[in-house]
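Positions annotated as active site, charge relay system by TrEMBL: 140, 215. The annotation active site, acyl-ester intermediate is assigned in TrEMBL to 239. Look at TrEMBL and you will find 91-559 tagged as domain 'Amidase'.
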């Protein structure tokens, strides 16, 4: 009889567990949406604080104009601040106002670092002028700044604020720079678009229908829209270089650990197969060089012993020695936009006319590197960390396909890849690589393969006696929503994360009607290339850049090469 009485209760257990699980999920998602709402309200409050600060400064200084600051190049701005012809207050509040104007157009600023006002007062009491004295600096949202969110576009990280400044922020402050805003990024930083469920989509300042690139798209849009003179982004697969290319500015991805990454957040901490790096973004190469000179200082070396004590080498940057330059206009894997190839070949001719030697550089198998090393290494855990990050979060529409794949059981992924390979070989290989690595032994074997690839690449450069490499930068900007559908297009930038080489981009031209015509005549070889070609249509007038590359730890040589390209292509460029 007792057994019979318990039977109905036992039958209810699964339903009770299911109901409890659903209630837990509902509660978690409710919390997430609450955090997002609070973050959005905080941002609106921050914008009001920016408006208040600007209005107050203008009332106290009625004779000062914004144009006297905004019209200056970084070089002149720096000189006037050092000489005392301009005050840090005038410069800061001018750029606060300009940043507000730009973000109202393209949605690139996510937070106001109100502490910058207090920093101004402290600078008045301390007469010491650092190398970046009075320069306003914008920083990507994933860089820790005490008292502010570092969410990476995830609502789950909005439950607490940073307890300490990152090392790079500390060094910038010691050099007199004034961090004043944080900028938008793509959720998870694994997309070269720029949107997330918290701060929404950032637009390209050249064309609001186009993406600014990602994941450092907020920086690209703000600097490209002239709302900041100097910023910092991060780069795992081109996340500094693509926004710089798309928005018509300069950007540098240094060698890993040349600048401290301490308290600069990443979605997949512990992933060592592909080097992520922090680097500067600005409107010209001299700005990047001065920034590197400023941060490569004793303060940086003391605060982070993982950074080698290598001060900036002015002699290399200012050298006039003729260079032996390797070049290529396509990587043999991804069919480039016609303007990408044209930009490289026009730059090549100008470099040759200036006395440099150009040598065609034979690339190794980029397709094999993309699939059997890069994707395999990044997703070595079978997407376990990504699944965890997205578990209770709101998913950005641009990432739904990637997240769905991460959540699919590995066995089903393998079955999907088996059937898909007859129709779309590259997508099938991507799915296989997302299944993870079976053992530690296999992971170590992958690392050996990566090291051998790096050695072979360096040996090829040395065999040809090449100093630097000239090659395409991805461009022009794609229509919003397309980057995640054509993810393999990152091959032109991710190669140099894979090699851990310093690489920078310089705008050299703009898309022409002839480029657009040639685009219509080209035949994409894969489904993903066809999607990419649809995404880059309508790009006439958008900026096009080239990529400049040097061997590890030779950032000064890379910048020197970038400066040479910038100078020689001045007449080709889209701005005066």
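Think of each number as a place in line: the chain as shown, counted from 1.
Placement of Cβ uses the backbone N, Cα and C atoms for every residue, glycine included.
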Rounded Cα-Cα span from the residue listed as 'active site, acyl-ester intermediate' to residue 215 (active site, charge relay system), Å: 5
Least surrounded among the active-site residues, given as 140, 215, 239, when other CB atoms within 10 Å are counted: 140
Inter-residue C-alpha distance, residue 140 (active site, charge relay system) and the residue listed as 'active site, acyl-ester intermediate' (nearest angstrom): 11
